[in-house]
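**Q** Straight out of Swiss-Prot:
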- 130-139: compositional bias 'Basic and acidic residues' (COMPBIAS)
- 130-170: region 'Disordered' (REGION)
- 62-84: topological domain 'Lumenal' (TOPO_DOM)
- 106-170: topological domain 'Stromal' (TOPO_DOM)
- 1-61: transit peptide (TRANSIT)
- 85-105: transmembrane segment (TRANSMEM)
Amino acid sequence: MGIPVVVPVAAAYSCSSSLAAPPRAAAAAARAPSRAHVAAAGMSSRASSFVGGSGGDLAAVAASVAARPRRAGSGGGGALGCKCLFGLGVPELAVIAGVAALVFGPKQLPEIGRSIGKTVKSFQQAAKEFETELKKEPGEGGDQPPPATPTAVSGGEEKGLEASSSKESA
């Protein structure tokens, strides 16, 4: 048996489950959470048994806390917590800028910044052109007439052409 770390919280959760199931089933469910609850807590069954002793109350509490709906504003926000570029926050970008300043020096940084800006601008322009071409393609298919196919010449016209060419050569 593991040491009950958060007994009042676990007792509150076991009371709500005891209303729906017999006391023995509720106790068994509290001791051995289902795989879905363990997966929702982000733990494997081996890790849940390590953390909660025999997979007991602590794993059940962790699973119920992980399954709770979160507020919209609590997604790691805050002044320094925004994920701006490729999942990097403000502190990470500041460290990258500091390392770049040390590596390239103050004379080359403006030139590198300009070249990066031009590259980003060209990528944005190419993406915009690609998007407009994708929007145009479905509408263009019905407006254009089908391409002209060459028609076969009938046998009578060929004989007439041969006769006129033989008259000219004679």
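For all residues, glycine too, the Cβ spot is worked out from N, Cα and C.
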**Q** Would you mind listing the long-range same-chain contacts of the transmembrane segment (85-105), meaning Cβ under 8 Å and 6+ residues beyond its ends?
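**A** Residues packing against the transmembrane segment (85-105) from afar: 112.
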**Q** Please list the DSSP helix, strand and coil residue counts for the compositional bias 'Basic and acidic residues' (130-139).
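**A** With helix first, then strand, then coil, the compositional bias 'Basic and acidic residues' (130-139) has 10 helix, 0 strand, 0 coil.
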**Q** Restricting to the topological domain 'Lumenal' (62-84), what is the model's mean pLDDT?
**A** 56
